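Asks: The structure's right below; bear with me while I get my questions together.
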């Protein structure tokens, strides 16, 4: 069976066997980015991305491009702030990047701009991320995501795999304010 066929099969079996939808979304998106956008992948992708919100798909792609790491497999659940609301003291520089991202989105809320829901466009060329012109909210959300992706890139050398899928119960201590 081809990798695409395997992913489609996993997509169909997810609810029965508890396979992580995040894993499947990452695999499907990777195939869509790198292969010929096979119909099987598009089907699986549409099923999996239905639950994904606004800028999260763009943010995932941005992180993948800048860090050459899988955003979902490497950063979702990293430390105390990557992928969740977070609490406690950030564990390292990468976790601080995610904390800053939460704060950036939080600053936009009073203007009715919700980062997780807002789609935007950007281009990635020669290692540079350029946010496209759009509404004020689109530009702000893209800038939050851009700043965070670049922060993650700057801190690749201190990325620590022991913080991947880090337990919330270990997120203790002082929670820094935004």
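Heads up, residue numbers simply count up from 1 along the chain you see.
Keep in mind that glycine also has a Cβ here, set from the backbone N, Cα and C atoms.
Nobody curates TrEMBL annotations by hand; they come from automatic prediction.
Annotations per TrEMBL:
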{"type": "DOMAIN", "residues": "55-172", "note": "domain 'Phospholipase A2-like central'"}
{"type": "BINDING", "residues": "81, 83", "note": "Ca(2+) binding site"}
{"type": "DISULFID", "residues": "82-98", "note": "disulfide bond"}
{"type": "DISULFID", "residues": "97-151", "note": "disulfide bond"}
{"type": "ACT_SITE", "residues": "101", "note": "active site"}
{"type": "DISULFID", "residues": "103-178", "note": "disulfide bond"}
{"type": "DISULFID", "residues": "104-144", "note": "disulfide bond"}
{"type": "DISULFID", "residues": "113-137", "note": "disulfide bond"}
{"type": "DISULFID", "residues": "131-142", "note": "disulfide bond"}
{"type": "ACT_SITE", "residues": "145", "note": "active site"}
Asks: What is the interatomic distance between the Cα atoms of residue 104 (disulfide bond) and residue 178 (disulfide bond), given in whole Å?
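Replies: Given the Cα positions, residue 104 (disulfide bond) is 8 Å from residue 178 (disulfide bond).
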Asks: Cα-Cα separation of residue 137 (disulfide bond) and residue 83 (Ca(2+) binding site), in Å?
Replies: 21
Asks: List the helix, strand and coil residue totals of the domain 'Phospholipase A2-like central' (55-172) as derived from DSSP.
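Replies: Summed by class, the stretch gives 64 helix, 8 strand, 46 coil.
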Asks: Cβ distance under 8 Å to residue 178 (disulfide bond), same chain, sequence separation 6 or more: which residues?
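Replies: Long-range Cβ contacts: 102, 103, 106, 107.
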Asks: Just to confirm my parser: what is the rounded mean pLDDT across the domain 'Phospholipase A2-like central' (55-172)?
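Replies: Mean model confidence (pLDDT) across the domain 'Phospholipase A2-like central' (55-172) is 95.
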Asks: Filter the recorded positions 81, 82, 83, 101, 113 down to the ones within 10 angstroms of residue 145 (active site), Cα to Cα, kept in sequence order.
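Replies: Checking each Cα against residue 145 (active site), the hits are 101.
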Asks: Where residue 142 (disulfide bond) and residue 101 (active site) are concerned, what is their Cα separation in Å, rounded?
Replies: 11
Asks: Between the Cα atoms of residue 151 (disulfide bond) and residue 98 (disulfide bond), what distance do you get, rounded to the nearest Å?
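Replies: Cα of residue 151 (disulfide bond) to Cα of residue 98 (disulfide bond) measures 9 Å after rounding.
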Asks: Counting distance between Cα atoms, which of the recorded positions 81, 83, 101 is nearest residue 144 (disulfide bond)?
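Replies: Nearest by Cα distance to residue 144 (disulfide bond): 101.
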